[in-house]
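Participant: Here it is, the structure in full.
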Amino acid sequence: MARRGTEAFPDLGAQCDREDCNQLDFLPFDCDGCGKTFCAEHRTYRDHGCARAADQGRTVVVCEACGDAIERRAGDGGGDDAAVLEAHARSRRCDPARKRKPRCPVPRCKETLTFSNTSGCKGCGQKVCLKHRFPADHACAGAGAGAASKAAGAAAAARSAGQCGRDAQKKEGGGWKLPQSVRNMKIF
């Protein structure tokens, strides 16, 4: 049983159960193997030399075919990696098609497409990453329609600029042209 807290605050924290430590820790860790209380320095099975660590440890084996991580439990007989992988291969959960993640089809782009960074092109219907979402960035097959819409947009911008009287008077340098009478005025 761990000694709890101090005389002033008996419910605050606990002392480490390791014999050579006995440090008062205000956020102690309870070991799920041996049931003792330990400080942050001795919280792992290896750090406090837990006798029941083998019962509580978790190990996984990664399937080369589908990329899944299969947990190997000590209570299941333990088995070696080959037996665990063989059982996984016989199950219906092993699907080699899942291992290969979709990638952006743009040459030299190595971006993996996920739900949050995938954009579908309206011109060609290709799924590309966000860096290549514009038709000019991914050599869109429907770029002819994109070029026509760009030309239409430029024509509309030119019409709206021509309708505004102020824009017609604007100089190339960015300033406004003053009427001749104001330019000749002298200020004393």
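Placed from the backbone N, Cα and C atoms, the Cβ positions cover glycine too.
Swiss-Prot lists these features:
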type: ZN_FING; residues: 10-58; note: zinc finger
type: BINDING; residues: CYS16, CYS21, CYS39, HIS42; note: Zn(2+) 1 binding site
type: BINDING; residues: CYS31, CYS34, HIS48, CYS50; note: Zn(2+) 2 binding site
type: ZN_FING; residues: 98-148; note: zinc finger
type: BINDING; residues: CYS104, CYS109, CYS129, HIS132; note: Zn(2+) 3 binding site
type: BINDING; residues: CYS121, CYS124, HIS138, CYS140; note: Zn(2+) 4 binding site
Participant: Measuring CB to CB from CYS109 (Zn(2+) 3 binding site), give everything in the same chain under 8 Å that is also at least six residues away in sequence.
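Facilitator: Listed in sequence order: ARG103, CYS129, LYS131, HIS132.
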Participant: Work out, from DSSP, the number of helix, strand and coil residues along the zinc finger (98-148).
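Facilitator: Summed by class, the stretch gives 13 helix, 8 strand, 30 coil.
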Participant: Relative to the Cα of HIS48 (Zn(2+) 2 binding site), which of the binding-site residues CYS21, HIS42, CYS104, CYS124, CYS140 has the closest Cα?
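Facilitator: Answer for the nearest of the binding-site residues: HIS42.
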Participant: Calculate the distance in Å between the alpha carbons (Cα) of CYS124 (Zn(2+) 4 binding site) and CYS31 (Zn(2+) 2 binding site), and round it to a whole number.
Facilitator: 58
Participant: Counting other Cβ atoms within 10 Å of each Cβ, which of the binding-site residues CYS16, CYS21, CYS50, CYS104, CYS121 scores lowest?
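Facilitator: Counting other Cβ atoms within 10 Å of each of the binding-site residues CYS16, CYS21, CYS50, CYS104, CYS121 gives the minimum at CYS21.
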Participant: According to DSSP, which kind of secondary structure is CYS31 (Zn(2+) 2 binding site) found in, if we only use helix, strand and coil?
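Facilitator: The residue in question, CYS31 (Zn(2+) 2 binding site), is coil (DSSP, three-state).
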Participant: Given CYS140 (Zn(2+) 4 binding site) and HIS42 (Zn(2+) 1 binding site), what distance in Å do their CA atoms have, once rounded to a whole number?
Facilitator: 59
Participant: List every residue in the same chain as CYS34 (Zn(2+) 2 binding site), at least 6 positions away in sequence, whose Cβ is under 8 Å from its Cβ.
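Facilitator: In sequence order, the residues whose Cβ lies under 8 Å from that of CYS34 (Zn(2+) 2 binding site) (at least 6 apart) are HIS48, CYS50, ALA51, ARG52.
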Participant: Taking DSSP as the reference, which of helix, strand or coil describes CYS39 (Zn(2+) 1 binding site)?
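Facilitator: SS state of CYS39 (Zn(2+) 1 binding site) = coil.
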Participant: Between CYS16 (Zn(2+) 1 binding site) and CYS104 (Zn(2+) 3 binding site), how far is it from one CA atom to the other, in Å?
Facilitator: 53
Participant: Rounded to an integer, what is the Cα-Cα distance in Å between CYS104 (Zn(2+) 3 binding site) and CYS121 (Zn(2+) 4 binding site)?
Facilitator: 12
Participant: Whole-number Å only: compute the distance from the Cα of CYS31 (Zn(2+) 2 binding site) to the Cα of HIS42 (Zn(2+) 1 binding site).
Facilitator: 10
Participant: Other residues with Cβ within 8 Å of the Cβ centroid of CYS31, CYS34, HIS48, CYS50 at the Zn(2+) 2 site?
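Facilitator: What remains near the Cβ centre is GLY33, GLY35, LYS36, PHE38, TYR45, GLY49, ALA51, ARG52, ALA53.
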